[in-house]
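Asker: Pulled these features from TrEMBL for this protein:
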type	residues	note
BINDING	G153, E154, S155, G156, A157, G158, K159, T160	ATP binding site
COILED	905-1056	coiled coil
COILED	1123-1186	coiled coil
COILED	1277-1377	coiled coil
DOMAIN	59-753	domain 'Myosin motor'
DOMAIN	1472-1748	domain 'Dilute'
REGION	589-624	region 'Disordered'
REGION	633-655	region 'Actin-binding'
Amino acid sequence: MQLESAQKKEVWKSAELLKDYKPGDKVLQLRLEEGKDLEYCLDPKTKELPPLRNPDILVGENDLTALSYLHEPAVLHNLKVRFIDSKLIYTYCGIVLVAINPYEQLPIYGEDIINAYSGQNMGDMDPHIFAVAEEAYKQMARDERNQSIIVSGESGAGKTVSAKYAMRYFATVSGSASEANVEEKVLASNPIMESIGNAKTTRNDNSSRFGKYIEIGFDKRYRIIGANMRTYLLEKSRVVFQAEEERNYHIFYQLCASAALPEFKTLRLGNADYFHYTKQGGSPVIDGVDDAKEMVNTRQACTLLGISDSYQMGIFRILAGILHLGNVEFASRDSDSCTIPPKHDPLTIFCDLMGVEYEEMAHWLCHRKLATATETYIKPISKLHAINARDALAKHIYANLFNWIVDHVNKALHSTIKQHSFIGVLDIYGFETFEINSFEQFCINYANEKLQQQFNMHVFKLEQEEYMKEQIPWTLIDFYDNQPCINLIEAKMGILDLLDEECKMPKGSDDTWAQKLYNTHLNKCALFEKPRLSNKAFIIKHFADKVEYQCEGFLEKNKDTVYEEQIKVLKSSKFKLLPELFQDEEKVLSPTSATPSGRVPLSRTAVKPAKARPGQTSKEHKKTVGHQFRNSLHLLMETLNATTPHYVRCIKPNDFKFPFTFDEKRAVQQLRACGVLETIRISAAGFPSRWTYQEFFSRYRVLMKQRDVLGDRKQTCKNVLEKLILDKDKYQFGKTKIFFRAGQVAYLEKIRADKLRAACIRIQKTIRGWLMRKKYMRMRKAAITIQRYVRGYQARCYAKFLRRTRAAITIQKFHRMYVVRKRYQCMRDATIALQALLRGYMARNKYQMMLREHKSIIIQKHVRGWLARVHYRRTLKAIVYLQCCYRRMMAKRELKKLKIEARSVERYKKLHIGLENKIMQLQRKIDEQNKEYKSLLEKLNSLEITYSTETERLRSDVERLRMSEEEAKNATNRVLSLQEEIAKLRKELQQTQSEKKTIEEWADKYKHETEQASMQSPVEETKQLELDLNDERLRYQNLLNEFSRLEERYDDLKDEMNLMMPVVNYQNQVTFLCAFLFPSLFPFFTHSSASFCCGSGILLDFVLFFLKQEPSEKKAPLDMSLFLKLQKRVTELEQEKQSLQDELDRKEEQALRAKAKYESLKRQELESENKKLKNELNELQKALTETRSPEVTAPGAPAYRVLLDQLTSVSEELEVRKEEVLILRSQLVSQKECNVLNMSFHHHHVSLLYFLNTFLGRQSPQDYHMLNEDGELWLVYEGLKQANRLLESQLQSQKKSHENELESLRGEIQSLKEENNRQQQLLAQNLQLPPEARIEASLQHEITRLTNENLDLMEQLEKQDKTVRKLKKQLKVFAKKIGELEVGQMENISPGQIIDEPIRPVNIPRKEKDFQGMLEYKKEDEQKLVKNLILELKPRGVAVNLIPGLPAYILFMCVRHADYLNDDQKVRSLLTSTINGIKKVLKKRGDDFETVSFWLSNTCRFLHCLKQYSGEEGFMKHNTPRQNEHCLTNFDLAEYRQVLSDLAIQIYQQLVRVLENILQPMIVSGMLEHETIQGVSGVKPTGLRKRTSSIADEGTYTLDSIIRQLNSFHSVMCQHGMDPELIKQVVKQMFYIIGAVTLNNLLLRKDMCSWSKGMQIRYNVSQLEEWLRDKNLMNSGAKETLEPLIQAAQLLQVKKKTDEDAEAICSMCNALTTAQIVKVLNLYTPVNEFEERVLVSFIRTIQLRLRDRKDSPQLLMDAKHIFPVTFPFNPSSLALETIQIPASLGLGFISRV
């Protein structure tokens, strides 16, 4: 037996009883949980035994009242287990929510948690502040009664945060009734009130130093319309004094942190350590808090609440003045007077900021005015009194400023709409007791006494109502009534009365007041005591504890004295805000200066303020603080009594702010103080445990025998209880419940556990015997098998041995033979090798000897020949020498003889006779030659003159030609360079193409490798691509959803405007509409709407488009999305057209410039060449003139002939160059004239006609007749025109071809360069990447390239399709004309021809009319068509009687006819009216699943028809030839297809919302609460918060209800002909909703996290999977959406003990996040004693293993998530011409074509 024992440190500890207790025992043998034995001595007087502990299955319950043993240790243990082990901070205690501050941010307050609690019963979900808020909101709407949420607790327990979360819940769930965002203003009041009313204390960094009661007002539709705030008991003393480690109010430190801002320079602020009022605590900074940032938040909140910037600066000015006032110092003159130093800086700054006179303020800070009956005089005050007066003035200013801010916040939150009801949130201080308790603690504890009394009465009332409702005999329960304590404080002659009386006494003091208290109440009131060692204190016994109050300071704080002269000085201030703080001071009933803030509410139901008495107003300002606080407290209690209260008790787990650390002693103190234990005591005094008959039967069915079970559950339970519990006083039978005394449920659980244990033992015995038998049979069978295998093995081994022996002999034989043969072969090979070597050696020796002999003979031959030649040469030389000697001798003899003859005279004479004759002849010849020379010289001179003139002329020509030749050469060189560059580029192109080819080959190879690799892991890549695609679709569809929401809001607003304001100014409409559609840009619109509209044309068009939509019934509404898309498309086309035109002009200019440049280069080249030739000619002439030799310059000389030949060749070349220059000039001229060629041809023709006319006019008529006899002149003229046209066309075509070729080459070069650069960049980037990223990048590049190529091919294909359609259309026209011509030819046949032909009898069949699948209607019948076919069509009749999608087919056939007529206006009007009609139907009947499904199906069918008959090849391949003939011919409706696709997405989202609303109430009941497998789940005891029964009562939903609803959905969608793929997506979405809602509720319900519930969930999921199999929807992906729920159910069932279990859980739960896994493990609760709890160490192990998992920190699944929808193309095989229109549709005005 386990019990609780009292200890001093731990308060209570768990222990186990080792020895049974017997009456009379004085000591109990106990063993503590840590294993230590203990002897517990019983009290000899009371002999009270320690309290018993609850069974383990009841530990950790959500509701403390569900515990069987209700006492303090059980409550404490349950809270500790939930807080420490399960990390649960909320627990119910009857009607109270106990909230323990975790000192850590928890992810349990998000939007998803709010949505999960919205609409749920309070007992169905785990305890939460949102559950209390939802209960209050629901009771307000259900009972039409105002509600209150009372949040109380110690400082630092989390009261303010709890109140904020409650208000945030109301703001999120209810929304606001207007566009003023009241809920945002309500939440924005929190930062303001925290800044001026919260401060850091030793217990809390953000402690609220005042109490507040916020009334949130609601209208009849229960939407927030406004709020009102009342405040209580502001701690004014904190303004002037702070204890150690504490701070003043946050606003002062925020001001000091923002002192550097420009607007705060005038405040002359500094660091917080500079001011006396902010440095006393010594802790000006809070860790983790940025005061400057908080200042920004405070100012933003003020702006949101309508406090203007000027008022904000006024507030900051007053606050800065208070800080400077605290630095004012006083100097003592004597003991009774003091003074302020002259020109004291702090006082000067204070007076400047406050706008008052320095002398007056300095005077009245040191003096006071005393008035008597006869006179008034001024008295100086001491330094101490002056300091106190200064501090009192600072407190008074701050309190009035606090009041003023609260008033303005209330004005901002006040609503002009009538308030229907309200929910009040009271955030008030809890019971306080310190070492020194003063007036503030006294007021706080007084307020808590009043609240505790109201709480006790409410609990007692609820308990009484429960007993009476169940018709249980009511016995008076004794509970603590604290009315005597309240009387002691507030009754006549009570503590407050005596305090007020003492304050009126002239010489009243704290001591005299204490004596009056002792004389009045000591020994007369049991709740009042006097301390033993003090005469200045008193003790009051409060409901929570005794508190000792020190009397010192009570009178001063109660009076709250402020000198009137100082107030008058402030009222005379020039600063207008300051007098506002004091002008209504005397009129306020309960001013904050006295009560620190009991505000009078603006409006309140069921609370009437007291009527004012005459003469009361003049005295109200003299009331004491205690009196005013008592009045405001009474007003609060009246308000609370007029509402239904809900209680939240905040508990501070430790004083050190450690997260999830539980101090039992501190917790017990607070539980006693907040009344939780009193609630437990009241419940325990009666029948705390309550069960319904069905729950009792389900839980304790195991204790009944079959014969005990009757049809009447009530009678069955009565019979069983009479047998189980003999004492009938331990239980009572009510109408619907059984009431048990404390401990009886634990007794029943023990009996049940014993019964189950006995059954388990029997089952274990049987199973163990069966297992042992099975094990023996398995061992026997295994032994036989082993023997068989061993014997077989041995036999096989022996056979193997025999085979090996025989094989060994065979191997030996062959081995020996092999060794011998190998030895013989080696010897034979060696012998042959030796013989070969020897014979070779002998042959080589013989060869060497023969070679030497041959070489010797050759040497001998050559030597002998040389010797013979030497001998011959020597002999020949000797003979020649002899001959020379002989001849020399003979010559000498002849010379001697000739010398002798020459000396004789006769010889000389003979010789001279012949010489004279010769000389005469030569002389004559010389004379003749001289004459001839003279004549030739004259001729040469004349020739030289003519030659010089000619050479000058030729020199100039040659110079010019050489210059032109040089220019031509330069141009040629440039052309060659360009050609080389082109060749180089072509080479680079080829190289790039080769590189590209290699890259493509590499890419193909890589692609092949990746395909092979992807075959191993394609699932991950496919999933990633699908996820990316789904994300893009989801973003797009969310935008569509937001657009549709804005569109609906606009329609609603337009209707309201039509009703309320028929005439509105145009400018106001624009501003209002812009602000409505774009609330975030509203300030921008209001300040600069004109510039914005001018700067953004699209938005202006959008606004103007809406404004043009007047509420006219005649005018068809336009389609906004289509209008915007068309407008955007037109703008894009215009921009594209302009860019193409600019590009074309630029290309033409480039071509002209290039051609002109080329011609100029060529001309320059020719001119340079000419110049070069001229230079050469000049050089030749110069060389010729310089040569003075007549022989050289003679005409017949060779040099002269060479010069003439060169001159001739140069002249010829010069002529050729001249012709080229002329040709080039003519081409340039023709090029310049090319642009005006058309006009010039006209002028040429005119001039030619004029010439002909003038020529013919000069001729006589006869001559004219002769000339134009055969029309030759006209023929010549026509021929000339044709020639001119031909030349013109040729010139134009050549020019265009040249330009096109040039542009194409340049474009190709540019594109190749870009491609090359891109490829190089890509290659460089890929080389820098790692191999995996390189592969991915190359794949991405290849995909991009293929996508671009596909787009280009698609554009070409579209162009070809358009061309084909045009040709087909022309072909049809030609065929029609040919048919008409054939008919005409048949009509032209003569009757005789017809008669001549033989007439044969022919059967003429009646021809059926060939319909074209089109429907014709008149333009004025369009509205009737939309009305009959869309607006008034009943989906049920169409789905049952007609073909699916009939409205879509009819609408498309009408569109086809409009397309056939080429009437774009009709097509546009029909499509827009159709879309708007569908939207109207869905807006009107959008909650009907059948309607939404019907129009989703028809919209998709209409979209598929537009695709199928669009004429695009991708959609036509499934058509029949007849269907291809029905394709649209004139219009491309791709834009409308997109609009229809968007509309289909919106309808799908609406369909999902409808089915979600239908399924939502069924899911939790059917999937979680209902027991599909009866008897598996055991119902645990529940507390006061009764949950929904898990037994299927009449009207509750079960799993069969869900499956029936799924069948209904599926059948409706199939009847409407919805696409199968779309049905799969809807089913997937439904299953996701089921799984998400079920899992979210599982994560928020501790009672559902058990092993048996996991089995129930898995069974339910299997039934859903079976439904999918029956409907052939297993491949829809719906089963995968249930995977998180399946894994959560498995997690509830798997073993959770060892590290192997943790590893298995981590690998199994891959669809759950870490937060969800940990949450399920924390919530896991054993239903039976045989289940074990999950240890905290195991959960830590799981968290450690999952710390590297990267998943979302969000706890709940997004149940509102909608998967992105796709509409795969689904062509129809139905022929349009076969569709018949039933008369029931009322479409008689439509005719088939």
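The first residue you see is number 1, and the count goes up from there.
Glycine residues also receive a Cβ, built from the backbone N, Cα and C atoms like all the rest.
Whatever TrEMBL says is automated annotation, not expert-curated.
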Asker: If you count other CB atoms within 10 A of each CB, which of G153, G156, G158 wins among these binding-site residues?
Answerer: G153
Asker: Around S155 (ATP binding site), how many other C-beta atoms are within 10 angstroms of its C-beta?
Answerer: 18
Asker: I want to check the contact list for K159 (ATP binding site): same chain, sequence separation of six or more, C-beta distance under 8 angstroms. What comes out?
Answerer: V151, S152, G153, S208, D427, I428, Y429, G430, C650
Asker: Beyond G153, E154, S155, G156, A157, G158, K159, T160, what residues of that chain have CB atoms within 8 A of the centre of the ATP site's CB atoms?
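Answerer: Counting only non-site residues, the set is N101, N204, S207, G430, C650, K652.
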Asker: List the residues of the same chain that sit at least 6 positions away from A157 (ATP binding site) in sequence and have their Cβ under 8 Å from its Cβ, in sequence order, or write 'none'.
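Answerer: For A157 (ATP binding site), the qualifying residues are A99, N101, G430, C650, I651, K652, Q670.
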Asker: Neighbour count, 10 Å Cβ-Cβ cut-off, for T160 (ATP binding site): what number do you get?
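Answerer: Other Cβ atoms within 10 Å of T160 (ATP binding site): 23.
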Asker: Tally the residues of the region 'Actin-binding' (633-655) by DSSP class, grouping H, G and I as helix, E and B as strand, and everything else as coil.
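Answerer: DSSP composition of the region 'Actin-binding' (633-655): 9 helix, 8 strand, 6 coil.
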Asker: Compute the average pLDDT of the predicted model within the coiled coil (905-1056).
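Answerer: Mean pLDDT across the coiled coil (905-1056) comes out at 75.
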